[in-house]
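Q: Per TrEMBL, the feature domain 'Phosphomannose isomerase type I catalytic' maps to 40-188. Residues or ranges marked as Zn(2+) binding site by TrEMBL: Gln144, His146, Glu171, His309. Per TrEMBL, domain 'Phosphomannose isomerase type I helical insertion' is recorded for 204-290. Residues annotated as active site in TrEMBL: Arg328. The domain 'Phosphomannose isomerase type I C-terminal' annotation in TrEMBL covers 370-411.
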Amino acid sequence: MHFYGNIKVKAEGDRAVRRASRDVTNVLTADVAVMEEVRVFPLTCAVQNYAWGKNGLDSEVAKLVIGGDPLAVVEDGKPYAELWMGAHPKGDAQIKDNRIAQTTLGQWIAHFPACLGSKVKDTFQGQLPFLFKVLSVNTALSIQAHPNRELAARLHAQFPEHYPDNNHKPEMAIALTRFQGLCGFRPVEEILGFLKCVPEFRALVGNEAAEELRCSVGDAARTSQALKKCFTRMMNCEKKVFVDQLNMLVKRVTEEGAAGKDTSSSNGDLLLRLHSQYPGDIGCFSIYFLNHVVLDPGQAMFLGANEPHAYLYGDCIECMACSDNTVRAGLTPKYIDVNTLCGMLNYSPSSASSKIFPCVQDASDPCVSLYDPPVPDFTVMRIQVPPSVKQYTVAPVDSASILLVIEGDATATSVAALSDVTLRRGTVLFISANESVSLHITSPSGMNMFRACCLL
């Protein structure tokens, strides 16, 4: 009797275990179904506190963080340099939806790669191909360039500690406030003008290389070679030599300014600003080679592979291929790789105005301006909904996209969200491929948003 009782107990126990196991499986299956069904959701994004960023609430990054999450804490004296919206391992966004097991965007995409859209999924091996950012720049970023795919793979294989990715990193900056940067080599006439008017600059380049550049005018191939020689000579100057020349130049420009003289022929204002931020840095002389580009809000510049550049001041939206590879050579305390930089650069002179990248009106939606660069990895849309429009549909595209609200309030509904999402300044929304989102706009001033996607 006792023996049979044990068998009965065991049988009931097995049934209970099977039932519990079935329940767990059902819950997990339901969870996966919900996770797969919820294809539009808000994100909490990573903040990078690099030293060059604007401090506290002077920073657009910090303002957007507080806007998106009123409980977030912003410290006054702390720099808020970059907001990373994407799935890069250094700053993978957190999913802000309690129906989805607390996971990152990168993990979610790995589980549900169909969210990328079939073309994007196949072309980019199941990875989100872009990284979307907001930058708030207080002091200059380094003189830098980003390698093309071949060089990126080689640098990553040789020096993985300095070049963490094997991918290229074309990027685009779109000004949110008046934004200043250095970008591309100036027209040769301007560089020759500085070589004539700034003896301290000429001393670093040397008379022979300067003369070669002067004689190359009119022959594009010779100009490119001569420019490379001039820039490489300067960047490889002995430290004592360039520090002495820089000190002489700063002293001269300061004295001329104090005497009420015009110092523009020495690019005096910019020189003194950069020298105050990075005293004794060879990068201060780069202002005589590179265009000083000023963008008004909404204007953009595209930085292809091997384009020398440095951001100087202001707030911008930035979108790039998903990479963190940068070759630096000045205006930085970070690793400097002068030979790689000088060897890789695009030495094609052009005007500052040619560096402004045009946006085009979307033919199918008057609210959308397209910034569509000559690379497949990303496109940025600026969506400006006027105050008169209260219902607006964020149209489906055949790509995963990330939407950032800069201004305005709305309630967002989507069959792929399963419930309403409140949009306000600083909200970041992930939208799976081929999903539309309907906005009921509640702010009196309309809405201003940016959306990154991949239009193959």
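For all residues, glycine too, the Cβ spot is worked out from N, Cα and C.
Caution: TrEMBL annotation is automatic and unverified by curators.
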Q: Can you name every residue in this chain, apart from Gln144, His146, Glu171, His309, with its Cβ inside 8 Å of the center of the Cβ atoms of the recorded Zn(2+) site?
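A: Everything else in range on the chain: Ala145, Lys169, Leu303, Glu307, Thr326.
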Q: Between Glu171 (Zn(2+) binding site) and Arg328 (active site), what C-alpha distance do you get in Å?
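A: Given the Cα positions, Glu171 (Zn(2+) binding site) is 16 Å from Arg328 (active site).
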Q: Over all shown protein chains, what is the count of other CB atoms within 10 A of the CB belonging to His309 (Zn(2+) binding site)?
A: 24
Q: If one measures from the C-alpha of His309 (Zn(2+) binding site) to the C-alpha of the residue listed as 'active site', what distance in angstrom results, rounded to a whole number?
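A: With the alpha carbons as reference points, the distance is 10 Å.
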Q: What Cα-Cα separation, expressed in whole Å, is found between His146 (Zn(2+) binding site) and Arg328 (active site)?
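A: Rounded to a whole number, the Cα-Cα distance is 9 Å.
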Q: Using a 10 Å cut-off on Cβ-Cβ distances across all protein chains shown, tell me which of the recorded positions (His146, Arg328) has the largest neighbour count.
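A: Result for the most crowded candidate: His146.
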Q: Provide the three-state DSSP residue tally for the domain 'Phosphomannose isomerase type I catalytic' (40-188): helix first, then strand, then coil.
A: 40 helix, 42 strand, 67 coil
Q: Write out the long-range same-chain contacts of Gln144 (Zn(2+) binding site), meaning residues 6 or more apart in sequence whose Cβ is under 8 Å from its Cβ.
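A: Expected: Pro308, His309, Ala310, Thr326, Val327, Arg328, Ala329, Thr332, Leu341.
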